Structure formats: C-alpha cells, structure tokens
Amino acid sequence: MQFNLLGNIINLGSEIPILNLALPIGISFYTFQSLSYVIDIYRGHLTPTKSLKEYAFFVAFFPTLVAGPILRASQFLPQLKEKIEQAKSSERLRLFIIQNSRLKFGVTLMAIGFFKKLFFADNIAPLVNNIFSNPMGMESFSIILGSIAFGIQVYCDFSGYSDIAIGAAAILGFKIPLNFNKPFFATSPSDFWSRWHISLSSWVRDYLYFPLALKHRRFSSIAFPSLLFSMIVMGLWHGASWNFVIWGVFHGIFLVVFTILRKKYSKPTEPFFKSKFGKLFSIFVTQYLVFFTFIVFIVQDFDHMWYALKKYVILDFETSQTIEIINANEFASLLIILFVALHFISYRLDVSHGKSNSEGQALPEIISKLKLRYWILFLISIILPISLFYIGSAQEFFYFQF
C-alpha cells in the first residue's frame, strides 16, 4: 500500500504537505507476506520460528521479493528447515544442491516467463498505448481491442514474472504456489479470481473476507458487503487512486451478482452450463466483464474512462478506425491471435493431464522431461523470436510499481 494513501484518495491539495517518499520496490508484496506470518501465529495456525535468519530468508526470498507471488510461511518455512537439516546432515557448506530435474524444470519455466514478457507483453504494449493514451473519439471496436490487448499484456507481463520467480525458486529446490492458471478460460467471476493473481486473491479471501463473513455468519446479508469491501481493499492494494477503487467495486459487484444468481438459479440452469455451448457462453460473459474492468485499471482520467466504458458497452459498429489501428500495429495484432492459440493449447494440455488450479501446469512439466537435445531446441525456439523481435529496450515489469 502507499504511505500517502489517505492524502491521495481525498485529494487534500497543496495546503497540507504530504511526504513524497520513495517507497521500496515490492512493498505491497512483502508487507502482505509479513502480515500473513503474524496473523497465522495469532490464530494458532503457525508456530513462530526461533531463527531470525529463517524469518529474514522468508521475507526477503529474492525470487519473489519484488513482485510476488506472495508467500505463506506455513508453505515456505518447512521447506527451508528441511534444506537446513539436509545441509547439516550431509556436512556440506552449500545449502542448496541443484538437481538436474529441478534445473531443467526451473529453466523451462523461466524461459516461458521471459518469452511472455519480452515477446508478447512488450510488443503488445505499443498497441495499448496507441488506444488508451487518449481514448476520446475511439470507436467501440477500438476500445474493445485495446482492453483485450491490455489484458493480455498485463497477463503476459505479470504471469511471466511469476514464472521466472517460481522457476528460480524451483532451481534452488523450493516449491512456490502457482500464481496464474489460464484465467481467460474462467467461467465465472469467482473462477477468474481462483486463476488470476492467486496468491493475492487467496490472501484477501483468507485474511479479510472469511474473517468478516464468518464473524457475522448468522447474518447472511453481511457476506455481500464483506465481499465488496474485500475487493475494494484489493483495488487499493494496487495504488491510492480512485480508478483502482472503482476497479475493486466493479469486481465486487460482479462477484456478488454471480453469487446471488448461482444460489437462485443453479439447479434449473445446471444442464445448460454443463453443456459445451453453456461453458463457452460462461467464458464469453466472464471475459467480457473482466476486460471491461481492465479499462478502469488503465484509464485514470474520469472523462476518458467514462467515454471508453460507454463505447465498450454501447457499440457504435464503426470499423474504419479500428482497421487503421490494426494495420498500424500488425505485429501486435498477430501476437494477440498467437497468444489466444497458445493459451488454448496450454489449457487443453492442463485439462488432458488433469491439472487443477493448485497442481501446476502441464506444459512446463512436459517440456522439462524432454530429452536433452529436444529441450535445447525448445530453448532456442524461445530465444530466437525474442532476439528477432526485441523492441530495443526492455520495459519494466508492470507490477513493479505495486
């Protein structure tokens, strides 16, 4: 969060001076990480470590320090203690012994992460900037294209970093929970948040929403305000700006409405939503709502935001400007199509291998088990397009600002 949160929100102006402090990179991540440690101890779910070194290692674990995933002490500290015991028993000075299987899996995941970031996210960014730097006067289809492009950009950027962090941790012998799992195939708002930024959404669920809702479990009506409040807090986690508050409100409303509809109409609509067409319909509606909120996330000016949201909802069916934008950003437009295809292939692999949200992803595991020569060919196939289409200067990871 921000130290000047209150001042930014209520816009006090220059009459009351506010310290303009340079905040450490990743403060929102390791603040939540440290809070979970204290709360788990308070609840009796975790025995506090007696070693300052272990705690410091947990908070400052370098792969996840800057932009997550947000670690839980209950998951990480047992692994760390096991490593320490192994080092003591083997009388080795080295704490981490890198195994070949872990090395291949970690490097594979890191390569995929860099590919997402440098090939997809950075090359799609100019298309997003072209549309949302000044959306006034844009056609509906241009706004929709921009929201889809921005959603893919953020996903590739942030999940790319998560893959790099999880891969680096795997090389060192640590298993870090999955942070993204095919969110664009989510069939409901709640399903989306079980797939997108999982470490944050689960943190808010466990340490904010559940305590608020269960405290008043006799009053079922309190669950909805608790859900809405939790999503607003999640919005403010991203920054002290009204657009993040609105972003949280929208997601909260979508979750509340979905919960109400599911309770009232789950039985009569169950056959439809279990059918292939029903699942496709669910995915379409969910993603339509998700990409709607991406507009609020990127556009901070209220007039621009209101215009873009109206154009997104009320179609004007004009296409000339959108065609011009696509022609001017041909490569970025092709990358969007390529991303959808690869995302679908990866999703089908997960389904065929029975991977759930918490069990990892099939593609990195399959690739890491290839014979060495084929595995090296995979790495070359990753490095080559990054080198050929490198834009000249790598952009900072999007979530470094949080």
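Even glycines carry a Cβ here, placed using N, Cα and C.
Annotations in TrEMBL come from automatic prediction, not curation.
Among the features that TrEMBL reports, transmembrane segment is placed at 12-35, 55-74, 219-238, 244-261, 281-299, 331-351, 372-392.
In this chain, the transmembrane segment (55-74) does not touch the transmembrane segment (219-238); fewer than three CB pairs sit within less than 8 A of each other, excluding pairs fewer than 6 residues apart. Within the same chain, the transmembrane segment (281-299) packs against the transmembrane segment (244-261): three or more Cβ pairs sit under 8 Å, each pair at least 6 residues apart. Sequence-distant contacts of the transmembrane segment (55-74) (same chain, at least 6 residues past either end, Cβ-Cβ under 8 Å): 25-26, 29-30, 32-34, 36-37, 40, 45-46, 49, 80, 158, 161-162, 164-166, 168-169, 172, 174, 176-177, 179, 197-200, 203, 397, 399-400, 402.
Outside the transmembrane segment (331-351), and at least 6 residues removed from its termini, the chain residues within Cβ reach (under 8 Å) are 119-120, 123-124, 126-127, 148-149, 152, 156, 181-182, 184-185, 361-363, 366, 389.
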